[in-house]
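Accompanying notes for the structure given below.
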Ligand SMILES: *[C@@H]1O[C@H](CO)[C@@H](O)[C@H](O)[C@H]1NC(C)=O
Ligand SMILES: *[C@@H]1O[C@H](CO)[C@@H](O)[C@H](O)[C@H]1NC(C)=O
Ligand SMILES: *[C@@H]1O[C@H](CO)[C@@H](O)[C@H](O)[C@H]1NC(C)=O
Ligand SMILES: *[C@@H]1O[C@H](CO)[C@@H](O)[C@H](O)[C@H]1NC(C)=O
Ligand SMILES: *[C@@H]1O[C@H](CO)[C@@H](O)[C@H](O)[C@H]1NC(C)=O
Ligand SMILES: *[C@@H]1O[C@H](CO)[C@@H](O)[C@H](O)[C@H]1NC(C)=O
(Lines of atoms letter the chains of each structure in order from A; the text may use other names.)
(Lines give C-alpha, C1' and ligand atoms only; values in the text may rest on other atoms or scores of the structure.)
(Ligands and ions follow the chains in the order given, each with its own letter.)
Protein backbone atom coordinates (compact mmCIF):
# COMPACT_ATOMS: atom_id res chain seq x y z
CA UNK A 1 0.00 0.00 0.00
CA UNK A 2 1.30 3.39 -0.91
CA UNK A 3 1.37 6.16 1.67
CA UNK A 4 -1.55 8.62 1.39
CA UNK A 5 -0.86 11.92 -0.37
CA UNK A 6 -0.88 15.31 1.29
CA UNK A 7 -4.55 16.23 0.58
CA UNK A 8 -5.75 13.01 2.16
CA UNK A 9 -3.69 13.70 5.30
CA UNK A 10 -5.21 17.16 5.63
CA UNK A 11 -8.75 15.76 5.30
CA UNK A 12 -8.00 13.06 7.88
CA UNK A 13 -6.46 15.64 10.19
CA UNK A 14 -9.53 17.88 9.98
CA UNK A 15 -11.81 14.90 10.65
CA UNK A 16 -9.79 13.90 13.73
CA UNK A 17 -9.81 17.47 15.08
CA UNK A 18 -13.52 17.67 14.37
CA UNK A 19 -14.28 14.59 16.46
CA UNK A 20 -11.99 15.76 19.25
CA UNK A 21 -13.82 19.08 19.55
CA UNK A 22 -17.42 18.15 18.87
CA UNK A 23 -17.82 14.54 19.87
CA UNK A 24 -17.20 15.45 23.47
CA UNK A 25 -19.69 16.44 26.10
CA UNK A 26 -20.61 20.06 26.63
CA UNK A 27 -19.05 21.42 29.80
CA UNK A 28 -21.14 20.70 32.87
CA UNK A 29 -20.95 22.91 35.90
CA UNK A 30 -22.16 21.86 39.33
CA UNK A 31 -23.22 24.96 41.24
CA UNK A 32 -24.59 25.84 44.66
CA UNK A 33 -28.24 26.80 44.85
CA UNK A 34 -29.50 30.36 44.81
CA UNK A 35 -29.13 32.08 48.17
CA UNK A 36 -31.52 34.38 49.99
CA UNK A 37 -30.01 36.58 52.68
CA UNK A 38 -32.26 36.63 55.75
CA UNK A 39 -33.74 40.00 56.67
CA UNK A 40 -33.63 39.53 60.44
CA UNK A 41 -30.23 37.92 61.07
CA UNK A 42 -26.75 38.55 59.73
CA UNK A 43 -25.00 35.51 58.31
CA UNK A 44 -21.29 35.36 59.10
CA UNK A 45 -20.47 34.15 55.59
CA UNK A 46 -21.91 32.67 52.41
CA UNK A 47 -19.92 30.55 49.99
CA UNK A 48 -20.61 30.25 46.29
CA UNK A 49 -19.20 27.14 44.59
CA UNK A 50 -18.82 25.97 41.02
CA UNK A 51 -17.30 22.66 39.96
CA UNK A 52 -16.48 22.10 36.34
CA UNK A 53 -17.32 18.41 35.99
CA UNK A 54 -17.37 17.23 32.38
CA UNK A 55 -14.91 18.72 30.00
CA UNK A 56 -12.12 17.41 27.86
CA UNK A 57 -10.99 20.36 25.83
CA UNK A 58 -8.34 22.46 27.40
CA UNK A 59 -9.63 24.49 30.24
CA UNK A 60 -7.94 27.86 30.49
CA UNK A 61 -9.32 30.21 33.14
CA UNK A 62 -12.00 30.25 35.79
CA UNK A 63 -13.31 33.48 37.33
CA UNK A 64 -16.35 35.03 39.02
CA UNK A 65 -18.53 37.87 37.86
CA UNK A 66 -21.07 39.98 39.74
CA UNK A 67 -23.82 41.69 37.76
CA UNK A 68 -21.91 40.92 34.58
CA UNK A 69 -18.55 42.34 35.68
CA UNK A 70 -15.52 40.27 36.48
CA UNK A 71 -14.64 40.31 40.17
CA UNK A 72 -10.95 41.23 40.33
CA UNK A 73 -8.50 38.71 41.79
CA UNK A 74 -10.80 35.72 41.26
CA UNK A 75 -9.06 34.47 38.11
CA UNK A 76 -7.52 31.02 38.53
CA UNK A 77 -6.70 27.87 36.56
CA UNK A 78 -8.60 25.62 38.95
CA UNK A 79 -11.79 23.85 37.93
CA UNK A 80 -13.43 23.78 41.35
CA UNK A 81 -13.80 27.33 42.51
CA UNK A 82 -15.51 29.12 45.33
CA UNK A 83 -16.25 32.70 46.26
CA UNK A 84 -16.79 33.67 49.87
CA UNK A 85 -18.76 36.72 50.97
CA UNK A 86 -18.07 37.69 54.57
CA UNK A 87 -20.91 39.26 56.57
CA UNK A 88 -23.09 39.53 53.45
CA UNK A 89 -25.27 42.64 53.28
CA UNK A 90 -27.86 43.90 50.83
CA UNK A 91 -25.17 45.52 48.71
CA UNK A 92 -23.59 42.10 48.18
CA UNK A 93 -26.79 40.75 46.65
CA UNK A 94 -26.86 40.37 42.89
CA UNK A 95 -26.37 37.93 40.08
CA UNK A 96 -23.09 36.06 40.40
CA UNK A 97 -21.62 33.84 37.70
CA UNK A 98 -18.73 31.49 37.48
CA UNK A 99 -17.16 31.62 34.05
CA UNK A 100 -14.89 29.00 32.47
CA UNK A 101 -12.85 29.75 29.37
CA UNK A 102 -11.33 27.15 27.03
CA UNK A 103 -8.61 27.08 24.42
CA UNK A 104 -10.75 25.77 21.60
CA UNK A 105 -14.33 26.28 22.68
CA UNK A 106 -16.65 29.10 23.70
CA UNK A 107 -16.79 30.00 27.35
CA UNK A 108 -19.25 28.33 29.69
CA UNK A 109 -20.91 29.82 32.73
CA UNK A 110 -23.43 29.17 35.47
CA UNK A 111 -25.25 31.72 37.57
CA UNK A 112 -26.02 31.90 41.28
CA UNK A 113 -28.45 34.53 42.49
CA UNK A 114 -27.87 36.07 45.89
CA UNK A 115 -31.14 37.73 46.86
CA UNK A 116 -31.86 40.20 49.60
CA UNK A 117 -34.49 42.69 50.63
CA UNK A 118 -33.83 46.17 49.27
CA UNK A 119 -32.08 48.67 51.47
CA UNK A 120 -32.43 52.36 50.62
CA UNK A 121 -28.91 53.72 50.92
CA UNK A 122 -29.44 57.19 49.53
CA UNK A 123 -32.28 59.70 49.42
CA UNK A 124 -32.87 63.43 49.45
CA UNK A 125 -33.64 64.35 53.05
CA UNK A 126 -35.19 67.71 52.26
CA UNK A 127 -35.91 70.01 49.37
CA UNK A 128 -36.65 73.75 49.65
CA UNK A 129 -38.30 75.43 46.67
CA UNK A 130 -40.44 78.43 45.80
CA UNK A 131 -44.04 78.01 44.74
CA UNK A 132 -44.40 77.46 41.00
CA UNK A 133 -40.96 75.86 40.81
CA UNK A 134 -40.13 72.19 40.32
CA UNK A 135 -39.00 69.88 43.12
CA UNK A 136 -37.08 66.65 42.58
CA UNK A 137 -36.81 63.90 45.22
CA UNK A 138 -35.00 60.61 44.77
CA UNK A 139 -34.16 57.34 46.49
CA UNK A 140 -31.66 54.65 45.59
CA UNK A 141 -31.30 51.14 46.89
CA UNK A 142 -29.08 48.12 47.10
CA UNK A 143 -30.43 44.57 47.17
CA UNK A 144 -31.53 42.06 44.56
CA UNK A 145 -33.79 41.65 42.64
CA UNK A 146 -34.26 45.33 41.83
CA UNK A 147 -37.28 46.64 43.71
CA UNK A 148 -40.65 47.93 42.63
CA UNK A 149 -40.83 51.57 43.72
CA UNK A 150 -43.79 53.46 45.13
CA UNK A 151 -44.16 57.00 46.47
CA UNK A 152 -46.62 58.26 49.07
CA UNK A 153 -47.45 61.74 50.29
CA UNK A 154 -47.86 61.55 54.06
CA UNK A 155 -50.31 63.69 55.97
CA UNK A 156 -52.64 63.42 58.92
CA UNK A 157 -55.50 61.34 57.51
CA UNK A 158 -54.65 62.50 54.02
CA UNK A 159 -51.87 60.16 52.89
CA UNK A 160 -52.11 59.10 49.28
CA UNK A 161 -50.19 57.07 46.73
CA UNK A 162 -48.61 59.18 44.04
CA UNK A 163 -48.83 58.30 40.39
CA UNK A 164 -48.44 60.14 37.12
CA UNK A 165 -52.16 60.73 36.71
CA UNK A 166 -52.43 64.10 38.46
CA UNK A 167 -50.31 65.76 35.80
CA UNK A 168 -48.03 67.48 38.32
CA UNK A 169 -46.29 64.42 39.81
CA UNK A 170 -43.91 62.37 37.68
CA UNK A 171 -42.25 59.18 38.83
CA UNK A 172 -39.42 57.67 36.89
CA UNK A 173 -37.82 54.41 37.99
CA UNK A 174 -34.57 52.90 36.86
CA UNK A 175 -33.72 49.60 38.56
CA UNK A 176 -32.28 50.64 41.91
CA UNK A 177 -33.12 54.36 41.53
CA UNK A 178 -36.38 56.28 41.63
CA UNK A 179 -37.09 59.95 41.09
CA UNK A 180 -40.22 61.94 41.93
CA UNK A 181 -40.64 65.30 40.21
CA UNK A 182 -43.34 67.72 41.26
CA UNK A 183 -43.87 70.59 38.86
CA UNK A 184 -45.61 73.92 39.42
CA UNK A 185 -45.34 73.64 43.22
CA UNK A 186 -48.41 74.58 45.20
CA UNK A 187 -47.81 76.31 48.53
CA UNK A 188 -51.03 74.93 50.08
CA UNK A 189 -51.02 71.25 49.12
CA UNK A 190 -47.42 70.29 48.32
CA UNK A 191 -45.32 70.96 51.43
CA UNK A 192 -44.90 67.97 53.73
CA UNK A 193 -43.39 64.51 53.90
CA UNK A 194 -42.94 62.20 50.97
CA UNK A 195 -42.11 58.52 51.41
CA UNK A 196 -40.41 56.27 48.87
CA UNK A 197 -40.76 52.48 49.26
CA UNK A 198 -38.69 49.78 47.64
CA UNK A 199 -40.33 46.35 47.49
CA UNK A 200 -39.15 42.99 46.23
CA UNK A 201 -40.18 39.41 47.04
CA UNK A 202 -37.82 39.32 50.02
CA UNK A 203 -38.82 42.52 51.80
CA UNK A 204 -39.12 46.26 51.65
CA UNK A 205 -37.52 49.49 52.80
CA UNK A 206 -38.86 53.05 53.08
CA UNK A 207 -37.40 56.53 53.54
CA UNK A 208 -38.96 59.94 54.03
CA UNK A 209 -38.12 63.30 52.48
CA UNK A 210 -39.38 66.71 53.57
CA UNK A 211 -40.49 69.26 50.99
CA UNK A 212 -40.76 72.93 51.96
CA UNK A 213 -42.41 75.42 49.63
CA UNK A 214 -41.85 79.14 50.11
CA UNK A 215 -44.04 81.95 48.87
CA UNK A 216 -43.14 83.92 45.74
CA UNK A 217 -42.52 86.87 48.04
CA UNK A 218 -39.96 84.99 50.10
CA UNK A 219 -36.96 86.43 48.26
CA UNK A 220 -38.38 89.92 48.93
CA UNK A 221 -38.76 89.41 52.67
CA UNK A 222 -35.31 90.65 53.67
CA UNK A 223 -35.88 93.77 51.56
CA UNK A 224 -39.36 94.28 53.03
CA UNK A 225 -37.84 93.83 56.48
CA UNK A 226 -35.32 96.61 55.85
CA UNK A 227 -38.07 98.84 54.44
CA UNK A 228 -40.25 98.20 57.50
CA UNK A 229 -37.33 99.00 59.78
CA UNK A 230 -36.70 102.29 57.98
CA UNK A 231 -40.38 103.24 58.19
CA UNK A 232 -40.51 102.45 61.91
CA UNK A 233 -37.32 104.45 62.51
CA UNK A 234 -38.66 107.41 60.57
CA UNK A 235 -41.93 107.23 62.53
CA UNK A 236 -40.08 107.10 65.83
CA UNK A 237 -37.95 110.08 64.89
CA UNK A 238 -40.95 112.08 63.68
CA UNK A 239 -42.97 111.32 66.80
CA UNK A 240 -40.00 112.02 69.08
CA UNK A 241 -39.29 115.31 67.33
CA UNK A 242 -42.94 116.34 67.57
CA UNK A 243 -43.10 115.57 71.29
CA UNK A 244 -39.71 117.18 71.94
CA UNK A 245 -40.30 120.49 70.12
CA UNK A 246 -42.21 122.41 72.83
CA UNK A 247 -39.48 121.56 75.43
CA UNK A 248 -36.65 122.24 73.07
CA UNK A 249 -37.47 125.86 72.27
CA UNK A 250 -36.44 127.41 75.62
CA UNK A 251 -33.20 125.33 75.64
CA UNK A 252 -32.03 126.76 72.31
CA UNK A 253 -29.58 129.25 73.86
CA UNK A 254 -28.04 126.74 76.26
CA UNK A 255 -24.28 126.28 75.77
CA UNK A 256 -23.05 123.06 74.16
CA UNK A 257 -20.03 120.84 75.01
CA UNK A 258 -18.86 120.42 78.64
CA UNK A 259 -22.13 121.78 79.90
CA UNK A 260 -24.00 118.87 78.30
CA UNK A 261 -24.39 116.77 81.46
CA UNK A 262 -25.81 119.78 83.24
CA UNK A 263 -28.18 120.48 80.41
CA UNK A 264 -29.55 116.92 80.50
CA UNK A 265 -29.89 117.27 84.24
CA UNK A 266 -31.74 120.51 83.62
CA UNK A 267 -34.02 118.59 81.24
CA UNK A 268 -34.79 116.06 83.91
CA UNK A 269 -35.41 118.79 86.46
CA UNK A 270 -37.64 120.62 84.04
CA UNK A 271 -39.55 117.43 83.21
CA UNK A 272 -39.90 116.70 86.88
CA UNK A 273 -41.07 120.20 87.57
CA UNK A 274 -43.56 119.98 84.70
CA UNK A 275 -44.87 116.61 85.89
CA UNK A 276 -45.21 117.98 89.44
CA UNK A 277 -47.22 120.94 88.21
CA UNK A 278 -49.55 118.62 86.28
C1 LIG B 1 -17.46 20.92 44.48
O2 LIG B 1 -16.46 19.99 44.80
C3 LIG B 1 -16.08 19.95 46.17
C4 LIG B 1 -14.97 18.94 46.34
O5 LIG B 1 -13.90 19.34 45.53
C6 LIG B 1 -17.27 19.57 47.01
O7 LIG B 1 -16.92 19.61 48.38
C8 LIG B 1 -18.40 20.53 46.76
O9 LIG B 1 -19.56 20.14 47.46
C10 LIG B 1 -18.71 20.61 45.27
N11 LIG B 1 -19.69 21.68 45.07
C12 LIG B 1 -20.74 21.49 44.30
C13 LIG B 1 -21.64 22.68 44.18
O14 LIG B 1 -20.97 20.49 43.70
C1 LIG C 1 -23.14 17.42 40.87
O2 LIG C 1 -23.87 17.62 42.08
C3 LIG C 1 -24.86 16.63 42.33
C4 LIG C 1 -25.55 16.96 43.61
O5 LIG C 1 -25.63 18.36 43.78
C6 LIG C 1 -24.23 15.27 42.44
O7 LIG C 1 -25.22 14.29 42.58
C8 LIG C 1 -23.41 14.99 41.19
O9 LIG C 1 -22.73 13.78 41.35
C10 LIG C 1 -22.43 16.09 40.92
N11 LIG C 1 -21.74 15.83 39.69
C12 LIG C 1 -20.44 15.68 39.64
C13 LIG C 1 -19.90 15.31 38.33
O14 LIG C 1 -19.73 15.90 40.63
C1 LIG D 1 -22.67 33.25 29.90
O2 LIG D 1 -22.94 32.38 28.82
C3 LIG D 1 -23.83 32.88 27.85
C4 LIG D 1 -24.02 31.79 26.81
O5 LIG D 1 -24.27 30.57 27.45
C6 LIG D 1 -23.27 34.12 27.21
O7 LIG D 1 -24.21 34.67 26.31
C8 LIG D 1 -22.97 35.15 28.29
O9 LIG D 1 -22.34 36.28 27.72
C10 LIG D 1 -22.08 34.56 29.35
N11 LIG D 1 -21.89 35.52 30.40
C12 LIG D 1 -20.72 35.78 30.95
C13 LIG D 1 -20.69 36.81 32.03
O14 LIG D 1 -19.72 35.19 30.62
C1 LIG E 1 -27.70 50.04 40.64
O2 LIG E 1 -27.77 49.11 39.60
C3 LIG E 1 -26.77 49.29 38.60
C4 LIG E 1 -26.99 48.24 37.57
O5 LIG E 1 -28.33 48.05 37.30
C6 LIG E 1 -25.39 49.16 39.24
O7 LIG E 1 -24.42 49.42 38.26
C8 LIG E 1 -25.25 50.12 40.37
O9 LIG E 1 -24.03 49.91 41.02
C10 LIG E 1 -26.38 49.95 41.35
N11 LIG E 1 -26.27 50.95 42.38
C12 LIG E 1 -26.30 50.61 43.65
C13 LIG E 1 -26.22 51.73 44.62
O14 LIG E 1 -26.39 49.45 44.00
C1 LIG F 1 -44.39 58.88 34.60
O2 LIG F 1 -44.08 59.83 33.60
C3 LIG F 1 -42.70 59.87 33.25
C4 LIG F 1 -42.47 61.03 32.32
O5 LIG F 1 -43.55 61.20 31.45
C6 LIG F 1 -42.34 58.54 32.62
O7 LIG F 1 -40.97 58.55 32.27
C8 LIG F 1 -42.58 57.44 33.65
O9 LIG F 1 -42.33 56.19 33.06
C10 LIG F 1 -44.01 57.49 34.16
N11 LIG F 1 -44.08 56.59 35.28
C12 LIG F 1 -45.06 55.74 35.45
C13 LIG F 1 -44.99 54.90 36.67
O14 LIG F 1 -45.98 55.63 34.65
C1 LIG G 1 -43.05 45.53 54.12
O2 LIG G 1 -42.52 44.51 54.92
C3 LIG G 1 -43.27 44.27 56.11
C4 LIG G 1 -42.56 43.18 56.87
O5 LIG G 1 -41.20 43.41 56.90
C6 LIG G 1 -44.68 43.85 55.76
O7 LIG G 1 -45.44 43.70 56.93
C8 LIG G 1 -45.32 44.92 54.88
O9 LIG G 1 -46.58 44.48 54.44
C10 LIG G 1 -44.45 45.20 53.68
N11 LIG G 1 -45.02 46.27 52.93
C12 LIG G 1 -45.23 46.20 51.64
C13 LIG G 1 -45.82 47.39 51.00
O14 LIG G 1 -44.93 45.20 51.00
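Using the three backbone atoms N, Cα and C, a Cβ is placed for every residue, glycine included.
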Q. Looking at 220-240, 241-261, which one is transmembrane segment according to TrEMBL?
A. 220-240
Q.
Restricting to the domain 'Ig-like' (118-214), what is the model's mean pLDDT?
A. 95
